[in-house]
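Annotated in TrEMBL:
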type	residues	note
BINDING	51, 87, 122	[4Fe-4S] cluster 1 binding site
BINDING	198, 202, 205	[4Fe-4S] cluster 2 binding site
DOMAIN	42-159	domain 'MTTase N-terminal'
DOMAIN	184-417	domain 'Radical SAM core'
DOMAIN	420-483	domain 'TRAM'
């Protein structure tokens, strides 16, 4: 199963497609991590829920445990330790993880306690007391900034029979010296964490309480990791953080590096490696960053700009720090500086106090911007947040659901129309692997993040292939391969309008 595509739980429109394909249970993606290893007496099985950052963190956990002599296994039945790396963004995610823990507890009882259970990540930080004291579900509870202590905590829990916990948040921890185990990587695309935490304090969001304050990773360690990935044959990196475009690092010599400068430096490590990033905040999207997209051919022409809502009053209640008009001006500026740029967003339906007219403002903003992709949710009240403490969750569930469905319907329409406009155009596609529906076809993505399926012929995973788009669905482009290429060659010859529409 592929990791999900954004730092929130899987988007509901995409979930429906994946449900239809039998790939995911409702709105929670679960990635089973690990591989068979002989090192160490104890085998560990890791499940990852939620965001790309959690996927990367599970790689850090695996690296820490391997270094301590643990083996990693894909077979849960063979595991001595099962760790769930959890998500707390939405209530439904927590509910599913609780159900999973109950199943595992039953298995633990069948094995006479010879199975250790651990909860890692955001849910560990938020619900540590309940997990340990009220529900007696787990042996270890470890927050996102305490993974270095995991071997010791497992030892203590095993030796004493008492639960061990460390959920302390750290202003300094970036795991800069740990190379994640990329056990489920396709060998083409890799995540690189550049910062942790978030300082924005949006009223609906629990992340600052579970991930802590922002801390940027040193530039040199980021560039070294990217260079190592290039040497290993990776063709794409995604720079990760809860709010990447607030990245800011000052070296010991006083040299300051902004996010725009970091992206520029990363893009120069290898001209044949695409660069993406996730996730960002509109208030931190600068002209300097947009110009890097424009000027560096291997920085993808795709920007995720989570708006959350289309009404200024609601945005103010959300504490998003921009107005509807300011956001629309930013999207116009992005389109001006980066012709053909693909924009995506996050949208919340039914936030506290949302009126029908305010909901209509979201729909009208969608019409104005016309996103290629969107991650869409009903508002879910999260404990600790300002909204949970100060606002009334007063929009009825059936109204939330209807409004969400209207948002999804409009976005699906826009996505289909956007894809139809690609017919006849040629894109450079990075081949990620076989299509899920046929081994005779390959799947890859354009630099605008659109999925493309085409006959595999003699091409290989990791190739850049020029593909003429012949047809589409609302989620996928269907094309015919023309030739293998390179990013440098494509920058000279390719654009989204290289070929005229077919007669």
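Every residue gets a Cβ built from N, Cα and C, even glycine.
From a predicted model like this one, the values you see are computed outputs, not experimental measurements.
Residue 202 ([4Fe-4S] cluster 2 binding site) has none of the binding-site residues 51, 87, 122 nearby, counting only those with a Cα within 10 angstroms of its own Cα. Between the alpha carbons (Cα) of residue 122 ([4Fe-4S] cluster 1 binding site) and residue 205 ([4Fe-4S] cluster 2 binding site) lies a span of roughly 12 Å.
According to DSSP, residue 122 ([4Fe-4S] cluster 1 binding site) is assigned to a helical segment. Rounded to the nearest whole angstrom, the C-alpha distance between residue 87 ([4Fe-4S] cluster 1 binding site) and residue 205 ([4Fe-4S] cluster 2 binding site) is 12. Annotated pair residue 198 ([4Fe-4S] cluster 2 binding site) and residue 51 ([4Fe-4S] cluster 1 binding site), C-alpha to C-alpha distance, rounded: 15 Å. The average pLDDT computed over the domain 'Radical SAM core' (184-417) stands at 96. Within 10 Å of the C-beta of residue 122 ([4Fe-4S] cluster 1 binding site) we count 28 further C-beta atoms, all protein chains included.
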